[in-house]
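Participant: Here's the feature list from TrEMBL:
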DOMAIN    11-418  domain 'TRAP C4-dicarboxylate transport system permease DctM subunit'
TRANSMEM  172-194  transmembrane segment
TRANSMEM  215-236  transmembrane segment
TRANSMEM  242-258  transmembrane segment
TRANSMEM  270-294  transmembrane segment
TRANSMEM  314-332  transmembrane segment
TRANSMEM  337-354  transmembrane segment
TRANSMEM  360-387  transmembrane segment
TRANSMEM  399-418  transmembrane segment
């Protein structure tokens, strides 16, 4: 009875718009008040909250958030969009293709879907709408393409998975490279099919000179992922140190190369980044209290027992994990969901013979689907606000992209080569 009361209360708090962190921490608090059998002092909750944030690998998160903010303010986003436009803008439905390719390129610096959807998405949706694209389609392709951000290195969710499951963060970061490219190719093929079906607009092919000029303008930004991944692979710095290098690099090129970032703007960027990081870490801390309660109640053991029959078939177990995560991702913010479910699912997956890097990648891929689905999808709310469209319009336009991303997730899940080839080739 106490667990039902606390869980229902937490869900109701989420539904009425209470911040995610407060709704999460309310669950163990209500349970501890409602169950007279529990003798653990309430002091355990702040201890767990502090312990969740006291992690050196999680130090990478603030720096990657800062990188995304600097890119949006310092002119980096615009240069990436211009290069992507010159590269693929002449295809049928060219601006939608540009949208997807630009998201892949931007992902190499930000590691965040929200940074992509809010920064690059603002430019993309406005240009697409002005060129005659349907606002719903523009919003859908922007929301879907932004999900590549948390997959391609550097990836904030993969850093979180590595930190809470003691999995190699270096391997997890590079493991997202091929899945991110697969998602990009799949969405580009879908747009090409929709473009032919709906006769979407095309643009003149860019000249080689224009392509070279736009590449030159965006080259400093495009060099960032090479610097980060190369530095990690060759042991120059750890993933956490790489995040700090990325932040410094982004600030330097925005201020002194592009000269679009002033000291006043930098102060605002630092402030907005601090606010965003505070929100992320508050969710991580509060989710840790729920994770403690689940462990205290023996949920991991019960879950392992209930899945013991399914675990005999790795295929069925993987499908069960994906289905479970898709449901969780619809109702919980992705970082909070990872804190809650990754420690539960990782031991079960390992007992079934799954590689931890592969399983961690699949978990992040699946939870990212929740970014574009109701009721709590952050990308969904961002693009709906930019495009000024209704929820029904957004859902109709997003269904094809959701299905193609589910297909890409299943391919990665059942063809481990996509997530393991790069780590095995470079880091083992």
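Glycine residues also receive a Cβ, built from the backbone N, Cα and C atoms like all the rest.
TrEMBL labels come from automatic prediction, so no person has curated them.
Model, not experiment: these values are computed from the prediction.
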Participant: Please determine whether the transmembrane segment (399-418) and the transmembrane segment (215-236) are in contact (criterion: at least three Cβ-Cβ distances under 8 Å, sequence separation 6 or more).
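Facilitator: Per Cβ check, the transmembrane segment (399-418) does not touch the transmembrane segment (215-236).
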Participant: Please give the sequence-distant neighbours of the transmembrane segment (242-258): residues at least 6 beyond its ends with Cβ less than 8 Å from one of its Cβ atoms.
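Facilitator: Distant Cβ neighbours of the transmembrane segment (242-258) are 59-64, 66-67, 70-71, 73-76, 79, 109, 154, 220-221, 224, 227-228, 231-232, 266.
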Participant: Could you give the residue numbers and ranges of same-chain residues that sit at least 6 residues beyond the transmembrane segment (314-332) on either side and whose C-beta is under 8 angstroms from one of its C-beta atoms?
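Facilitator: Residues 11, 14, 20, 307, 340-341, 345, 348-349, 352-354, 359, 362-363, 366-371, 373-377, 409-410, 413-414.
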Participant: Against the transmembrane segment (215-236), which of these stretches has the most C-beta pairs under 8 Å: 172-194, 270-294, 360-387?
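Facilitator: Most contacts with the transmembrane segment (215-236): 172-194.
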Participant: Cβ under 8 Å to the transmembrane segment (270-294), counting only same-chain residues 6 or more beyond its ends: which ones?
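Facilitator: Hits for the transmembrane segment (270-294): 19-22, 24-25, 27-29, 31, 44-45, 48-53, 58, 61-62, 65-66, 69, 156, 160, 300, 333, 335-336, 339-340, 343-344.
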Participant: Could you pull out which residues elsewhere in the chain have a CB under 8 Å from any CB of the transmembrane segment (360-387), counting only those six or more residues past its ends?
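Facilitator: Here the qualifying positions are 14-15, 113-114, 117-118, 121-122, 125-126, 129, 135-136, 138-140, 142-144, 146-147, 150-151, 155, 157-158, 161-162, 165, 167, 172, 175-176, 179, 318, 321-322, 325-326, 328-334, 337-338, 341-342, 345-346, 394-395, 398, 401-402, 405-406, 408-409, 412-413, 419.
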